[in-house]
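**Q** My structure is below; once you've seen it, I'll send some questions.
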């Protein structure tokens with residue numbers, strides 16, 4: 001890694017405890033004692049927290065932190081235990097992974113949307129001066145983040161509201177690809193990082209080896225790591241005291257006009273747009289007037305409060321606190337993520353916002369039944385109200401009718417979007433072949449970005465002189481015995497090796513620059529297959545690179561099917577074209593007329609299959625007689641089939657699109 005030594009040295013400074021040797025020593029309390037200490041009416045099972053109580057927590061007694069981890073390393077379970085430990089939720093009540101609200105999150109076992117919960121915690125410490133104990137109360141804002149690479153945008157938004165992070169690592173699996181990515185996201189955000197080695201109760205747990213990996217990769221002192229089991233509760237008594245000791249309080253001034261960072265928003269049918277905010281300066285109260293730095297619009301604060309863990313009105317939010325605000329916004333388009341909300345009629349410096357969303361996978365979404373366009377439109381409108389990271393524009397396909405062109409952060413993001421459409425709104429959809437944004441340059445030196453292959457003319461008067469495609473830097477961690485097959489897979493996907501190192505005696509780290517198109521569908525599945533499920537994978541956007549790209553059309557009876565057009569590397573066009581027409585021949589039903597299926601690059605046909613017509617026996621009633629009579633009947637049938645071929649339409653089943661998706665992105 002470039003500059004890895006300097007980054008590790010800086011990271012070491014980041015994770016050092018923020019208390020000095022003269023600070024009060026901490027008394028470790030057993031989990032059952034902590035639970036009982038948090039069980040007072042002041043903190044357990046509260047339905048309402050008043051604004052006057054929030055006023056008891058100045059910034060010095062507030063900690064905003066996130067939980068970041070690779071997929072399935074136990075971050076959601078750890079969040080559950082911390083909520084129980086502080087009495088925010090009752091143990092044994094409610095569903096596991098309490099902060100995973102969506103059905104798709106529970107079915108897939110992943111976190112898709114970052115969730116926030118405010119906790120109140122009484123920290124018991126020994127004081128060296130009076131030889132007694134002190135139990136100051138703290139307000140802790142916990143943010144549970146996604147772990148999959150496609151949702152790293154959610155992680156970056158969550159980290160913007162934090163001053164520290166718990167970096168959770170599985171004691172058996174060790175550091176994985178997303179662990180590395182999330183560490184550097186937190187590092188670039190200048191957060192204090194607390195390593196937590198989780199699942200130490202597993203028979204295969206090896207915390208000493210994980211400590212060595214953290215030391216080698218991030219220069220983290222092994223003594224800084226906390227050993228826990230979120231499942232059994234072992235070691236959890238160390239976590240929140242470490243959060244208080246090692247993570248700084250939020251910056252900001254209580255005396256300045258209110259200034260807030262807009263972290264997220266979603267639409268509620270009864271309350272309208274609900275905005276999640278982090279108060280940087282000042283205080284916001286119900287009835288205040290606030291303005292948007294991005295749009296200039298002014299709103300009245302109708303409701304304000306915290307997530308405890310559900311929406312809990314407090315009437316006020318103070319400096320350093322994270323909560324929600326309802327202002328009467330009618331659309332989430334008014335709530336721009338990263339915007340600065342401030343006191344109306346005051347001049348403030350806007351806060352640094354987030355990087356704009358970069359859509360890297362595009363696909364057409366059409367109703368399975370063409371007559372259901374209005375229902376699909378309504379479903380997409382409601383869903384995008386709660387997912388600002390999806391771009392949607394209307395488009396029309398000659399094969400599929402009216403639909404939408406959608407931009408996603410990645411393929412899993414697209415799959416989750418489709419699943420939510422079906423589960424939450426009952427919409428049945430057909431999705432076209434996913435594609436990525438390409439850049440084409442013509443002879444007159446003009447350039448155009450192409451997100452929809454159908455929009456690129458196949459026989460244009462302008463000559464294409466150069467093409468560029470987006471690439472990614474892929475990080476792959478694998479057991480050393482699988483290095484050969486993985487290198488072969490990356491080479492087949494036109495990858496360029498950048499790094500090959502061993503992080504310990506059993507595992508290797510590979511870095512490749514790979515065209516994004518080569519990984520958006522089945523790369524991860526194939527990687528898992530050839531490594532018996534042991535590989536972990538992460539990627540980050542890189543630059544565009546020149547490439548030999550062509551547009552491939554699918555023709556049915558000479559007519560192009562725009563929904564099946566794709567842009568592909570020239571070397572793979574012949575093979576992919578052959579497989580596409582073979583697949584279509586199997587899935588398109590026979591008609592009363594002959595169907596010609598072709599794959600073409602410009603005017604050149606590179607693959608062809610013919611689906612023969614179903615034939616009616618027009619000679620069935622002819623018993624003997626003149627041969628000319630039979631010829632007349634056959635010629636009449638032939639002319640009828642020609643006429644049907646001119647005016648008839650070919651119905652393309654949904655399964656055909658699914659099979660095309662597999663073929664065009666697996667070669």
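For all residues, glycine too, the Cβ spot is worked out from N, Cα and C.
The annotation domain 'Tr-type G' is assigned in TrEMBL to 60-252. Taken from TrEMBL, the feature GTP binding site applies to 69-76, 144-148, 198-201.
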**Q** Per-residue pLDDT averaged over the domain 'Tr-type G' (60-252) comes to what?
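**A** When the pLDDT values over the domain 'Tr-type G' (60-252) are averaged, the result is 84.
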**Q** What number of additional C-beta atoms lies within 10 angstroms of the C-beta atom of residue 75 (GTP binding site)?
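**A** Excluding its own Cβ, residue 75 (GTP binding site) sees 28 Cβ atoms within 10 Å.
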**Q** How many other Cβ atoms are found within 10 Å of the Cβ atom of residue 200 (GTP binding site), counting all protein chains shown?
**A** 21
**Q** What's the number of neighbouring CB atoms sitting within 10 A of the CB on residue 72 (GTP binding site)?
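**A** By my count, 16.
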